[in-house]
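J.: Here you go, one structure.
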Amino acid sequence: MRKPNPMQDANFCSRLFFWWLNPLFKIGHKRKLEEDDMYSVLPEDRSQHLGEELQGYWDQEVLRAQKDAREPSLMKAVMKCYGKSYLVLGMLTFLEEGTRVVQPIFFGKMISYVENYHPTDSAALHEAYGYAAALSACVLMWAVLHHLYFYHIQRVGMRLRVAVCHMIYRKTLCLSTSAMGKTTTGQMVNLLSNDVNRFDQVTMFLHYLWVGPLQAIAVTALLWMEIGISCLAGMAVLIILLLLQSCTGKLFSSLRSKTAALTDDRIRTMSEAITGIRTIKMNAWEKSFIDLITRLRRKEISKILRSSYLRGMNLASFFVVSKIMIFVTFISNELRDNLITGSQVFVVVMLFETLRFSSTLYFPMAVEKMSEAVVSIQRIKNFLLLDEMSHCYPQLPSNGEMIVGVQDLTTFWQKASETPTLQGLSFTVRPGELLGVVGPVGAGKDLQLLKEGDLTKIGDGGTPLSEGQKARVSLARAVYQDADIYLLDDPFSAVDARVSRHLFEQCICQALKEKITVLVTHQLQYLKDASLILMLKDGKMVERRTCSNFLKSRVDTFSLSEKGTEQPEPSPGPGTPTLISESLDPSLQSPRPSLKDAALEDQHTENIQVTLPLENHLEGKVGFKTYKNYFTPHADWSVIIFLILVNIAAQVAYVLQDWWLAFWAHVQSGLYFGEFVKGDEDVVFVLNWYLGAYSGLTVSTILFGITRSLLIFYVLVNSSQTLHSKMLETILRAPVLFFNRNPIGRILNRFSKDIGHMDDLLPVIFQDFIQTFLLVIGVVGVMVAVVPWIAIPVIPLGIIFFVLQWYFLRTSRDVKRLECTTRSLVLSHLISSLRGLWTIRAYRARQRFQEVFNAYQDLHSEAWFLLLTTSRWLAVYLDVICAIFVTVVAFGALILAESLDLGQVGLVLSLTLTLTGMFQWCVRQSAEAENMMISVERGIEYTDLEKEAPWELENRPLPSWPNKGVISFKTVNFRYKSDGPLVLKYIEGSIDARQKFGIMGRTGAGKSSVIAALFRLSEPEGDIYIDDILTTSIGLHDLRKKMSVALQEPVLFTGTMRKNLDPFNEHTDNELWNALEEVQLKKSIEGLPAKMNTELAESGLNLSVGQKQLVCLARAILRKNQILIIDKATSYVDPRTDELIQKKIRERFAQCTVLTVTHRLSTIIDCDRIMVRPSPF
């Protein structure tokens, strides 16, 4: 049960200053925060409520667009849903920036008092005190309004993101088959992790697109009142900058669009690599996939680097533009010979500083984020407009006879397709009848064994169940539905003959005897019990008859009975292969336990620990080692030292500019009041000296500011690329066990969201922090140097800020880590749903899965909401303290006015006001930078994983090895993890050169474990020799490249048929066509529009499972190795095709050693030797 959110019952002051968070900070100060410490999400922020609300507006927009014959606009739906509340919040921004504009007015009145100071004028002093009080009140009001605005506006961004995520997931569950071919897992993960993040960012700054220009107009009016037309020169600089930044919006949009497409490709390829990791490892393709993903990443980084340079220029403008405007204004004023007072100099400076955040930081950020958000909205809209499956679930009659009737049915996989998938189908099935559907490949067609029973946790992709166990769970799930109509698509291919017969007799013939059942199968022996048999070929109905008529018709049914499937085990004799050859250990021939006993032992074959819902996360501060490991690999110490020197130089030039301006203001005041004569040579020399030095400092500030900004972005973006490369290599070097323990969503989360943070957010935040930190140091240094007594309030202020940050970070770090870990649950659920999409639809479980997704989103929102509010808690306290500091300095300056001159008071007060926003911004950005470094920390975690044995060793076999193919086992034990149970025990024996060796056994009996031991997917105990070379004495790639393997679970990649047969262009077209012919696929591929260049959907969605198996088998055949291993690779293939394939393999690989693992005795009946494994060794 979640803790209730204390904000719901908090009073006004508690909400305003976030006092309701104090108990959480106390907990975080004492110990590491856990999931149970988070507060429940507020009702108005729940995923279901937000998603359904926006979905309603989107549905209305789609209907209106159809009526008006136009394309629907997701932007319109968003504006109708959130526009009113967002505009209201815009008024807070307007008021907030209004308080900043009036601050220079009160500041100017105070400076004027000092400039015209008379010790006896008490009325002027009291008036100055009033201005000081007004200034302090404005600073405090600004602090309250600023954080009130940002808190509420960020909640709007969060709500929009959550609502769009809800819609994306809902759409995922509804996508049609043709639509699935137009998108990829990579794109959906990218939409859900990176694209939706743009809403969090754009909402914060969007109002500054109109508030910034309005504030600039107001400031221009005030400047005109102070110095006249000269102000236009400075404002011209700002206008030019704003126009340039507006133009860069198109560049940001273009780059974001290209980057997003490249990120889609990278994440899709990563997803395919993780999903097919067994295939990749057994084929030794890791290096090739590293090269492929690295190439994609390099293209992606090239676009990101361009965007980063633009961001760097924007941040550099924040640093230098106000100084350029001040410089240009005063130069033009000097050229006009317009005399101004010292107080006017400081008022002009403060008015330009007022524009610093709104116009030179927030406005360009708004342009950038809006440009990127427009691209993301377009991408999301295109996804939401993909075709959907029909939602029509007709209500079946509750009484009377139910009939399934199909009359002359023709179907297409895609609307645009010219070739029908099924053509001319007609049949009728009544309750109690079984319709058997048979045809060649591509024709169109238990709990007590588990340790925890029905409470056993199933991991990603069905871990730890075997393929046969998954098939049984799937069938059981169907039976438990107690439906009226059952559609069973080849449920027996993954299980052995005895289990298959048991399932057919007990499940289909008994449990479903009163139901309408349509069974698609290759197991022809069961057709005798079918009421009607439908035979398909090339998508057309060839025959529709009863079993007896079917047999009498003598139709070629690709061998109507599967030879040997139902036969008892043959006795050794002339003409039959030897079962469990005498050369194997005698203990292997001992009597076998019963099926139940064997199955009870079966559970250990894949007994892999399933992960807990939330991944573990580190605790404590992000250490120096993390920073060092991130920054130093790409940039050596010379670059880092140069960067430090450039930063120092930029800051020195910046603060000297302010200091120099104070001296120049003193001279200007003297000229104005007649103390100096402008025509005097000494005065002219001093003015020229001041202006020359001021010009040099301004140019230096610009050059150093831009250089350091671009250099920081270059170093950080390339550091992200370097870390990604290390993560990628480490991941692909990790053992298969790692992928069984970690859901794909958890892994992809680090390669999508965390890498996205490193690419986009970390460089900006880090550059901003360094810039503001140095500004604060410089400003404080100047203030103390000019007026030493200012150190009295500055030192305790610094201590308070340091303690607050330390106290805040102890909680904030844990909240950020929880936010990262809860986010991975959302992505894992998306990917799991994509894998089981047809099952979800078949069981009408969309709503149930949508609710689970909403629950995961709410959990993530709990962490994100705490991240938002805790940062506001810190910011409010910092700004309130800064307001107190301004009050102390303002009144202190008036009290000490007699001992201070105009330049000192003006400089200190102006810098104090500058410090107000800057100080808290610096502390917050330092905290945010450390929080962002948690993404780096999570990435570095993935560079320190357990690794497999080396891919290559110095001791390498000859290129011709193995030339015989002799495989020997000597006292081999095998387990999938070091502390797990043995799944193979004391294997002794050998397989001779060029021998055809069959391995047969029940589902989960450990047949595939023999193959796993051969390929060293986990390191075996004992010795395995291939041609007298110990397999553990050579590198994994030297071993795995010399054996060809085709697995039961086919793995295909997005791309052409040719790419799937030959992923790395190692073979000629003739070789590929020959391989296709040998697996009986040549005719089918020749019938495709683009033949081998036909694009396959993700994971080969547009092929049947049997066809995918045959493609993988052809891929294995192409490798031309001395040892070929076929691990149930034809289990989904019809018997006739299987028979032809086995014949071709025997002919083609007559001089090779072939190991065949299967459930079908007919598949291995012609093998030289057969090993039967009814239970584990």
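Note that Cβ sites are derived from N, Cα and C of the backbone, with glycine treated the same way.
For reference, TrEMBL lists these features for the protein:
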| type | residues | note |
| --- | --- | --- |
| TRANSMEM | 86-108 | transmembrane segment |
| DOMAIN | 87-358 | domain 'ABC transmembrane type-1' |
| TRANSMEM | 128-151 | transmembrane segment |
| TRANSMEM | 202-221 | transmembrane segment |
| TRANSMEM | 227-244 | transmembrane segment |
| TRANSMEM | 308-331 | transmembrane segment |
| DOMAIN | 310-563 | domain 'ABC transporter' |
| TRANSMEM | 343-363 | transmembrane segment |
| REGION | 560-596 | region 'Disordered' |
| COMPBIAS | 578-592 | compositional bias 'Polar residues' |
| TRANSMEM | 637-656 | transmembrane segment |
| DOMAIN | 641-931 | domain 'ABC transmembrane type-1' |
| TRANSMEM | 693-717 | transmembrane segment |
| TRANSMEM | 761-784 | transmembrane segment |
| TRANSMEM | 790-809 | transmembrane segment |
| TRANSMEM | 874-896 | transmembrane segment |
| TRANSMEM | 902-923 | transmembrane segment |
| DOMAIN | 967-1174 | domain 'ABC transporter' |
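Thinking about packing and proximity, how do these listed features fit into the structure?
T.: Sequence-distant contacts of the transmembrane segment (128-151), counting only residues of its own chain at least 6 positions beyond either end whose CB sits under 8 Å from a CB of the stretch, comprise 16, 89, 92-93, 95-96, 99-100, 102-103, 106-107, 109-110, 113, 204, 868-869, 872, 875-876, 879-880, 882-883, 886-887, 890-891, 894, 913, 916.
Away from its own ends, the transmembrane segment (202-221) comes close to residues 86, 89-90, 93-94, 97, 100-101, 150, 153-154, 156-157, 160, 231-232, 235, 238, 242, 351-352, 354-355, 358-359, 362-363, 365-367, 369-370, 372-373 of its chain (Cβ-Cβ under 8 Å, at least six residues beyond either end).
Residues 223, 227, 230-231, 233-238, 241, 245, 248, 251-252, 255, 345, 348-349, 352-353, 355-357, 360-361, 364-365, 368, 650, 654, 657, 661, 664, 691, 694-695, 698, 701-702, 705-706, 709-710, 712-714, 716-717, 763-764, 767-768, 771, 775 of the same chain lie 6+ residues outside the transmembrane segment (308-331) yet bring a C-beta within less than 8 angstroms of a C-beta in it.
Remote same-chain residues near the transmembrane segment (637-656) are listed as 319, 323, 631, 697, 700-701, 704-705, 707-708, 711-712, 715, 770, 774-775, 777-779, 781-782 (criterion: CB distance under 8 Å, separation of at least six residues from the stretch ends).
Sequence-distant contacts of the transmembrane segment (693-717), counting only residues of its own chain at least 6 positions beyond either end whose CB sits under 8 Å from a CB of the stretch, comprise 301, 304-305, 308-309, 311-313, 315-316, 319-320, 323-324, 327, 330-331, 631, 634-635, 639-640, 642-643, 646-647, 649-650, 653-654, 656-657, 660-661, 664, 758-759, 762-763, 766-767, 770-771.
Residues 308, 311-312, 315, 318-319, 647-648, 650-652, 654-655, 658-659, 708-709, 712-713, 716-717, 720, 790-791, 794, 798, 907-908, 911-912, 914-915, 918-919, 921-922, 925-926, 928-929, 932-933, 935-936 of the same chain lie 6+ residues outside the transmembrane segment (761-784) yet bring a C-beta within less than 8 angstroms of a C-beta in it.
Same-chain residues lying 6+ beyond the ends of the transmembrane segment (790-809) with a Cβ under 8 Å from its Cβ atoms: 25, 29, 621, 780, 783-784, 870, 873-874, 877-878, 881, 885, 888-889, 892, 908, 919, 923, 926-927, 930.
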J.: In the same chain, who gets a Cβ under 8 Å from the transmembrane segment (902-923) while lying at least 6 residues past its ends?
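T.: Here the qualifying positions are 103, 107, 110-111, 114-115, 135, 139, 142-143, 342-343, 345-346, 349-350, 353, 356-357, 658-659, 661-663, 665-666, 669, 768-769, 772-773, 775-776, 779-780, 782-783, 786-787, 790, 797, 801, 804-805, 874-875, 878-879, 882-883, 885-886, 889-890, 893.
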J.: Please give the sequence-distant neighbours of the transmembrane segment (227-244): residues at least 6 beyond its ends with Cβ less than 8 Å from one of its Cβ atoms.
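T.: Residues packing against the transmembrane segment (227-244) from afar: 212-213, 216, 219-220, 317, 321, 324-326, 328-333, 336, 338, 340, 344, 348, 352, 355, 359-360, 363.
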J.: Checking distant contacts: for the transmembrane segment (86-108), what same-chain residues at least six beyond its ends satisfy Cβ-Cβ under 8 A?
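T.: For the transmembrane segment (86-108), the far contacts come to 131-132, 134-135, 138-139, 141-142, 145-146, 148-149, 152-153, 156, 203, 206-208, 210-211, 214-215, 218-219, 222, 226, 343-344, 346-347, 350-351, 354, 358, 909-910, 913.
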